[in-house]
Amino acid sequence: MAAVNGSGVSLASQAYMEGNAVKETRALVADLCRQFYSLGWVSGTGGSITIKVHDDCIPKPQQLILMSPSGVQKERMEAEDMYVMSGNGSILYAPSPKPYPHKPPKCSDCAPLFMKAYEMRDAGAVIHSHGMESCLVTMLNPSAKEFRITHMEMIKGIKGHGYYDELVVPIIENTAYENELTESLTKAIEAYPKTTAVLVRNHGIYVWGDTWISAKTQSECYHYLFDAAIKLHQMGLDWSTPSHGPIQQARGAISAPVKAGLKDSSHNSEPFPCCILLDIEGTTTPITFVADVLFPYARDNVGKHLSATYETEDTQEDIKLLRSQVEDDLAHGIDGAVPIPPDGAGKDAVIAALVANVEAMIRADRKITALKQLQGHIWSTGFQNNELKGEFYNDVPEALQSWHALGIKVYIYSSGSRLAQRLVFGNTKSGDLRKYLSGFFDTNIGNKRETSSYVQISESLGVDSPSEILFLTDVVQEAVAAKAAGLKVMISVRPGNAPLPENHGFKTIKSFLEI
């Protein structure tokens, strides 16, 4: 192994670079490449892998990076063949040249793209695969800018996703040279903040994770899902819908002007939108359920929940979010905000302060992520213990089933967390309604009264035009924002909803069955 002009050596100690962690990671990269070769991901010298060398004493952005070389037989690589780089991508050590017929060593052509995942996603490892599945799946629809799939067990292996979620992977166009993909990959990462992968059409996929285990696990799940989509396509089935029903049947149903349409006051029909976006409170579910059942349950069980789950990862993340929110509230003089003592003050003191802040947030009916996420976890316990059941207007289950049979994709957009949404729809007197839904959106995508939120949802759903989405809500301000984004809008008029202003200009319905 040869040092490269001593470049960047000062950024890390010699002991770190020559320590066991680097040696073990070198061997790990070589071993993984052999495994990936057997899977067909890095054959023909294609594909690559990079891993950060973990060290608790060194901040992640400054940790050393190991990267496989370019243009070599990946299954024959050895530990000393890896490049060692600083946290900013400078090459510290390069492998020594090997005799003919080996080519001179060259760092991976993927390096600029790997660095973007490190910089923009704080990744701990990145895998670039040329697996056949990841290539073919981008050809199923040559004009598609995204790959979408839902209701598949292996979706659970993708960070932040569950069985009922819709997995969306952006697709970028291939170029003649790998490094020319850097700009389009950067834009895809920016446009899809939750994605852990980017597909390259007719080429392969980039996958990243917090650790090499996460990156490897997700890569395996992505390839499984791509293979499933290809096989379902060959069977004439639609992998992007919850039921995975026949493709032609779904498409034919969507275009049927009589069976599926929006009726105006003259009972004329126009083609039904491709997607329906539903609010929950006051639209699918009585306001009283949220105000008189869910909120009181969360309020009354805050202390009990925090005490019982204090050491868990979810609760620690909830506390972290609440601390950040309370600090901001105190800085802005928000009524009811009280300081949260540091962890060293003891569990009971921290919980007491958290309870006081959460109760104040609930009283003020604040639509903030920190509160909604905690409430979702509290409600999860309630649903699991059968202390809670989702309540819906009588027409909702029938309408969801009907839309699903027609091939219409239905999504939820609520100020409640995605977890809370899944709980409400998954535990009802009518059974599990999630099988009729294609995805969930919450305020992580934006405030419901801001037009930009609906623009992002439209782009996420991949429709040709926002007008292909019908949004149903009981709140005029939300309707105005959605209409400004180009969505079709109807206002739900239900018992107990707030009165609508005169001349609001929107169509109204009292039942989903009127659509």
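Every residue, even glycine, has its Cβ placed from backbone N, Cα and C.
TrEMBL labels come from automatic prediction, so no person has curated them.
Small disclaimer: the values here were computed from a predicted structure and weren't measured.
Quick look at what TrEMBL annotates:
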ACT_SITE  GLU153  active site, proton donor/acceptor
BINDING   HIS128, HIS130, HIS203  Zn(2+) binding site
BINDING   SER414, SER415, LYS448  substrate 2 binding site
REGION    1-238  region 'Methylthioribulose-1-phosphate dehydratase'
REGION    276-515  region 'Enolase-phosphatase E1'
Quiz item: When you measure from the Cβ of HIS130 (Zn(2+) binding site), which residues in the chain that are at least 6 apart have a Cβ under 8 Å away?
Solution: GLY40, TRP41, VAL42, SER43, GLY44, GLY46, GLY47, HIS203, GLY204
Practice problem: Could you tally the C-beta atoms, other than its own, that fall within 10 angstroms of the C-beta of SER415 (substrate 2 binding site)? | Solution: 22
Practice problem: Identify which of the binding-site residues HIS128, HIS203, LYS448 has its Cβ surrounded by the largest number of other Cβ atoms within 10 Å, counting every protein chain shown. | Solution: HIS128
Quiz item: From the Cα of the residue listed as 'active site, proton donor/acceptor' across to the Cα of SER415 (substrate 2 binding site), what is the distance in angstrom?
Solution: 27
Quiz item: By a simple count, how many Cβ atoms lie within 10 Å of the Cβ of GLU153 (active site, proton donor/acceptor), its own Cβ left out?
Solution: 11
Quiz item: Which whole number is the mean pLDDT over the region 'Enolase-phosphatase E1' (276-515)?
Solution: 92
Practice problem: For SER414 (substrate 2 binding site), just count the other CB atoms lying within 10 A of its CB, please. | Solution: 25
Quiz item: Given SER414 (substrate 2 binding site) and HIS128 (Zn(2+) binding site), what distance in Å do their CA atoms have, once rounded to a whole number?
Solution: 36
Self-check item: the residue listed as 'active site, proton donor/acceptor' versus HIS128 (Zn(2+) binding site) - Cα distance in angstrom
Solution: 23
Quiz prompt | Extent of the substrate 2 binding site in Å [max Cα distance among SER414, SER415, LYS448] | solution = 8
Practice problem: Fill in the CA-CA distance, LYS448 (substrate 2 binding site) to the residue listed as 'active site, proton donor/acceptor', as an integer in Å. | Solution: 30
